[in-house]
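**Q** Quick one: the structure is below, questions incoming.
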Amino acid sequence: MPDKDAGTPRVFLIRHGETEWSKSGQYTGKTDIPLTPHGEEQVTSTAQIMYGSGRLIDPAKVAQVWLSPRKRAIKTYQLLSGQTEGYEVTESLAEWDYGEYEGIKTDEIRAKRESRGLDKERAWDIWTDGCEGGESPAEVTTRIDSLIAEIKQLQAPHMKDSEPKDVVLVAHGHLTRAFAKRWLGYELSFPLSLMMEPGGVGVLSYQHHSIDEPALMLGIGFPVQR
């Protein structure tokens with residue numbers, strides 16, 4: 001981090017590696033499917049670059065790890081860190097509950113809704129409309145916000161000190177993007193287009209060492225390797 005921001009706590013937001021349904025574009029909420037072999041390779045490749053002593057995610061600087069309860073997320077953290085313990089599982093990071101849309105794709109969802117006379121004014125959008133039989137944006141917001149409050153409580157006393165205070169989160173495609181929006185204070189319907197690759201890492205932090213100025217680290221510099 002730049003000198004003026006050195007020591008500011010970070011939140012590493014990680015999406016699990018590829019699954020068969022993430023590869024095909026099928027919505028995968030509660031369905032508990034494993035990583036593909038390629039998905040495992042994605043995560044181990046990320047680990048080689050980003051995880052370890054002196055690297056971007058330095059375990060000596062991590063105070064807390066929270067994971068989605070789905071096995072694809074737990075396996076991702078285990079591959080990333082080489083650890084099978086030292087983390088907490090939380091429903092706050094579970095993927096959006098897609099309800100009736102589980103296992104199908106966006107165009108299929110829109111066709112299904114249109115056949116029932118819905119969405120005459122505009123196409124269905126999960127960020128505004130949520131999922132029939134599943135979660136609304138307000139429900140997803142509530143559980144994300146509860147975890148954000150817990151993270152801020154953990155990090156607030158350590159804005160400038162050298163104590164371990166980084167946080168690692170492992171979750172899912174929609175959930176990671178929803179989390180970033182809420183971290184920045186936006187409603188989920190706010191038109192902020194974000195992308196997260198399987199096995200990818202996003203970084204959230206704070207401006208000016210202030211707990212009241214959460215920020216997205218748009219670009220990161222990697223530690224010098226000696």
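Placed from the backbone N, Cα and C atoms, the Cβ positions cover glycine too.
This is the feature table in TrEMBL:
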| type | residues | note |
| --- | --- | --- |
| ACT_SITE | H16 | active site, tele-phosphohistidine intermediate |
| ACT_SITE | E95 | active site, proton donor/acceptor |
| BINDING | T28, G29, R72, E95, W96, D97, Y98 | substrate binding site |
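For the listed features, I'd like the structural context: burial, neighbours, distances.
**A** Its Cβ taken as reference, E95 (active site, proton donor/acceptor) is surrounded by 26 other Cβ atoms within 10 Å in the chains shown.
Counting only residues at least six positions away in the same chain, the Cβ atoms of T19, W21, S22, E95, Y98, E102, G103, H172 sit under 8 Å from the Cβ of T28 (substrate binding site).
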**Q** Can you tell which of the binding-site residues G29, R72, D97 lies nearest to H16 (active site, tele-phosphohistidine intermediate) in space, using Cα positions?
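**A** Closest candidate to H16 (active site, tele-phosphohistidine intermediate), judged by Cα separation, is R72.
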